[in-house]
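If you check TrEMBL, you get these features:
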- 31-54: transmembrane segment (TRANSMEM)
- 84-110: transmembrane segment (TRANSMEM)
- 116-134: transmembrane segment (TRANSMEM)
- 146-163: transmembrane segment (TRANSMEM)
- 192-211: transmembrane segment (TRANSMEM)
- 232-255: transmembrane segment (TRANSMEM)
- 297-318: transmembrane segment (TRANSMEM)
- 345-365: transmembrane segment (TRANSMEM)
- 377-398: transmembrane segment (TRANSMEM)
- 410-430: transmembrane segment (TRANSMEM)
- 442-461: transmembrane segment (TRANSMEM)
Amino acid sequence: FSFRKLWAFTGPGFLMSIAYLDPGNIESDLQSGAVAGFKLLWVLMLATLIGLLLQRLAARLGVVTGLHLAEVCNRQYQKVPRIILWLMVELAIIGSDMQEVIGSAIAINLLSMGKIPLWGGVLITIADTFVFLFLDKYGLRKLEAFFGFLITIMALTFGYEYITVRPNQAKLLQGLFVPYCQDCGTPQLEQAVGIVGAVIMPHNMYLHSALVKSRQVNRANKREVREANKYFFIESCIALFVSFIINIFVVTVFAEAFFKKNNADVNAVCVNASSPHSSLFPNNNETLEVDIYKGGAVLGCYFGPAALYIWAIGILAAGQSSTMTGTYSGQFVMEGFLNLRWSRFARVLLTRSIAITPTLFVAIFQDVEHLTGMNDFLNVLMSLQLPFALIPVLTFTSLPSVMNDFANGLFWRIGGGVLILLICSINMYFVVDYVMSLNHVALYVGAAVLSVIYLSFVAYLV
């Protein structure tokens with residue numbers, strides 16, 4: 001083992017880990033703490049471990065073949081399924097991009113004390129596209145260092161909230177290592193499903209398989225390939241451990257401070273603190289419901305304005321850091337599936353325009369409740385796209401014709417198949433629950449028709 005070699009291979013795993021820290025994940029974390037306390041920490045840990053194993057497969061595919069997942073799909077699938085697959089992955093990328101826009105807009109609104117409206121925040125996020133394109137000119141290693149800096153900001157800001165709130169350590173350890181949820185009902189089950197959906201992202205498989213190609217490996221030398229696989233896996237373990245710790249900070253802060261709180265409790269504290277956000281919480285006995293925006297407001301009421309601003313900085317770092325991973329994913333997916341080489345500038349302009357347009361309309365004509373409600377829909381959308389990344393990555397890493405001597409053994413094939421079946425089943429439950437909550441017969445019929453088409457294509461991939 002060599003630390004010098006590990007440093008040489010360090011970078012792709014941390015870029016990949018940003019998808020585990022995007023605003024959608026942070027929102028899932030804080031809702032998990034507020035709804036279930038410390039009881040679902042083991043679900044977060046399990047989801048992160050499953051994510052690590054799947055990222056390992058994606059990285060191995062890139063290292064062994066010298067091709068990323070989209071390029072392999074291009075070679076292995078016929079034209080029609082290939083285009084459908086590309087469209088599904090693009091949908092996931094646009095959905096993720098919208099969450100980044102929403103998170104950044106809310107953070108900017110909080111930091112400006114409401115002076116910059118949500119639609120203004122959405123427009124400002126257009127500028128970050130050009131900032132990252134500018135940074136990209138200086139080389140991948142410098143960009144990786146910049147993202148390391150953003151992850152450090154998230155660790156420090158959410159770590160500050162953790163130290164301020166001082167969660168109960170005994171309950172934290174019990175939540176992590178006792179896989180049981182006492183007195184849990186439907187809301188807690190839905191939250192557990194939401195955690196899995198937020199952590200494991202479809203476009204991240206495509207991204208990671210491409211990022212590892214940035215390191216030179218002599219693929220004719222099996223020892224070098226094996227060594228690269230080892231160091232990329234170690235780096236992924238470190239990166240996802242850091243992201244897991246940051247996620248724990250958020251869950252436990254809201255578990256300690258706001259579990260079983262009702263609106264009246266929070267309203268009273270906010271009024272006493274002369275908070276401008278006290279109107280967000282009606283004076284009734286309904287259980288407190290939080291999102292990224294309300295979460296910052298509640299922290300400000302209980303722990304002072306510093307907690308609110310530091311929270312907003314953390315959310316802004318999460319939104320900005322995940323912007324570029326979405327950009328890279330989109331570029332690799334388009335190049336791989338379509339053999340179409342657009343400039344990164346044109347590629348970003350297209351996806352960011354698609355992502356910003358609906359978000360901007362909601363931000364102009366509705367309030368923050370509808371903007372954060374859009375996050376629920378986007379989580380469902382990305383949950384539906386998961387099979388279109390997980391099935392191909394397991395299929396191709398199991399084929400000796402693709403991976404030669406590095407093809408998955410029987411254990412990985414069976415274990416991977418069971419994991420993917422479990423994840424897809426959990427996410428389908430999440431989707432069905434979301435559709436049922438809409439309470440509209442026409443939507444039920446439409447969802448049923450789309451489900452038949454969707455499941456038919458998944459069956460084809462299987």
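Just so you know, glycine gets a Cβ as well, placed from its N, Cα and C.
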Counting only residues 6+ away from its ends, which parts of the chain sit with a Cβ under 8 Å from the transmembrane segment (31-54)? 20, 167-168, 171-172, 174-182, 184, 187-188, 191-192, 194-196, 199-200, 205, 236-237, 240, 243-244, 247-248, 250-256, 258-261, 288-291, 390, 393, 416, 419, 423
If I count Cβ-Cβ pairs under 8 A between the transmembrane segment (442-461) and each of 84-110, 192-211, 377-398, 410-430, which range comes out on top? 377-398
Cβ-Cβ under 8 Å with the transmembrane segment (410-430): same-chain residues at least 6 beyond its ends: 50, 53-54, 57, 190, 193-194, 196-197, 200, 379-380, 383-384, 386-387, 390-391, 394, 397-398, 458
Can you tell me which parts of the same chain pack against the transmembrane segment (377-398), counting only residues 6+ beyond its ends and a CB-CB cutoff under 8 A? 24, 28, 54, 57-58, 60-61, 69, 72-73, 76, 85, 88-89, 91-92, 95-96, 98-99, 194, 197-198, 200-206, 209, 407-408, 412-413, 416-417, 420, 423-424, 427-428, 430-431, 434, 454, 458, 461-462
